[in-house]
Amino acid sequence: MGRVSAWEALLLGVVEGLTEFLPVSSTGHLTLLFHLLGLPVEEDPFLKTFLVAIQLGAILAVLLLYGRRLAADRALWLRIAVAFVPTGVIGFFFYPLIKGVILGNDAVVAFFLFFVGAVLLFADRLAERAQYQDVKALPLARVAWIGVFQGLAALFPGTSRSGATILGGLLLGLNRQAAAEFSFLLALPTMFAAVGYDLWKSAPEVPEGGWSLLLLGFLAALATALVTVRWMLAFVARHGFRPFALYRMALAAVYAFFFLR
């Protein structure tokens, strides 16, 4: 079952809940944290299952916060579906081709942490003149392009799913809050599909005593994500995405220090 302890499970769940919906790359943070804790995530099947469990906890937070709104808003569901289609197509056709080439490549992670941060700085300035205050006003062709951004994020580690979708929303004319909210909502079909399948496939391999650690990490991620999603909307309304962009660029340097020496 690896060497993960209860406090490590709690810490990892909190970090996932904090970073999954911020444009800072949750994968980059978790990879760095696993390294600092000395946990061999690439070699331990249980740790891979644990990662899936905490991601599921984080995405459930969005469903709890937006479930009622989604149930009554078909126009919003249409846009989620339109954006999800190119994401699925890109993932289906291209992910298997590059999986063994760049996934797990630390230089690629460091580069995209920095690159997306730099582009996010530019896009955040565009948001000051945003044309659309609600994703339902965004033309469907532009909505589909946000899905393309999300699909590309799955191909290039360090990009960040939320970072890519927020960046796409800003570049395509959404204001900051609308871009952030649509990023949250677009995570629902994308992550539930991927995470649910992975968890179902790996559940029989969970050893005795492992379920309590999975539950601890799941609940920690859920609780933290509930707070983070609410906080982020208020934060970007006041400060924009510039602080996140600068943070990404600094994190790229830290990541390179630990993994590229």
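Cβ coordinates come from backbone N, Cα and C, glycine included.
Some features that Swiss-Prot has for this protein:
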{"type": "TRANSMEM", "residues": "9-31", "note": "transmembrane segment"}
{"type": "TRANSMEM", "residues": "46-66", "note": "transmembrane segment"}
{"type": "TRANSMEM", "residues": "80-100", "note": "transmembrane segment"}
{"type": "TRANSMEM", "residues": "102-122", "note": "transmembrane segment"}
{"type": "TRANSMEM", "residues": "137-157", "note": "transmembrane segment"}
{"type": "TRANSMEM", "residues": "180-200", "note": "transmembrane segment"}
{"type": "TRANSMEM", "residues": "209-229", "note": "transmembrane segment"}
{"type": "TRANSMEM", "residues": "240-260", "note": "transmembrane segment"}
Fill in the blank from the handout: Stretch winning on C-beta pairs under 8 A with the transmembrane segment (102-122) (pool: 9-31, 137-157, 209-229, 240-260) is 240-260
Problem - Segment proximity, the transmembrane segment (46-66) to the transmembrane segment (180-200), 3 or more C-beta pairs under 8 Å - result: yes
